[in-house]
């Protein structure tokens, strides 16, 4: 076997021995185990829903016997471990992660509000009025007609809108006026076509 292969095997062996030890350093998690009869038991986090809220630590005599949640005094007696000997103790909180969650949540909320304002400004005229009154306005509030429709069909400023052409073979009829609630006079008239019914 080459020295490179032997070295990688040694690194793998050390890693496989240290990895469970690192995972078991967290005293609030009872890892999965196989008992002396060969039955597999799933891991769990202490306290379980059925446990007292003071039972926050995982107690066991060795890795092949029943694991259960216990309190601090029982943990120190069973595991022969002094939890308060460390500089930060066992119940340290990760405040930097909590701060990160709050900052991330703030940015997500900000993006949601900005998205709502943009959607409202594009679709509702009353929102444009209020945003302009509050000093929030700009080019982004003007909707480009070519943006959503077909650019070949979109009328350019200063050009009249193209009139719909009747299909060949039909007789042109007089246009009818379109009545709307707003009183738009810029709408093109609707064309009626003859249809045959059997």
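Every residue gets a Cβ built from N, Cα and C, even glycine.
Owing to the predicted nature of the structure, the values given are computational and were not obtained by experimental measurement.
52 is the residue among 52, 62 that Swiss-Prot describes as N-linked glycosylation site. Swiss-Prot tags one of the stretches 97-117, 118-138 as transmembrane segment, and that stretch is 97-117. Within the same chain, residues at least 6 positions away in sequence whose Cβ sits under 8 Å from that of residue 52 (N-linked glycosylation site) are 71.
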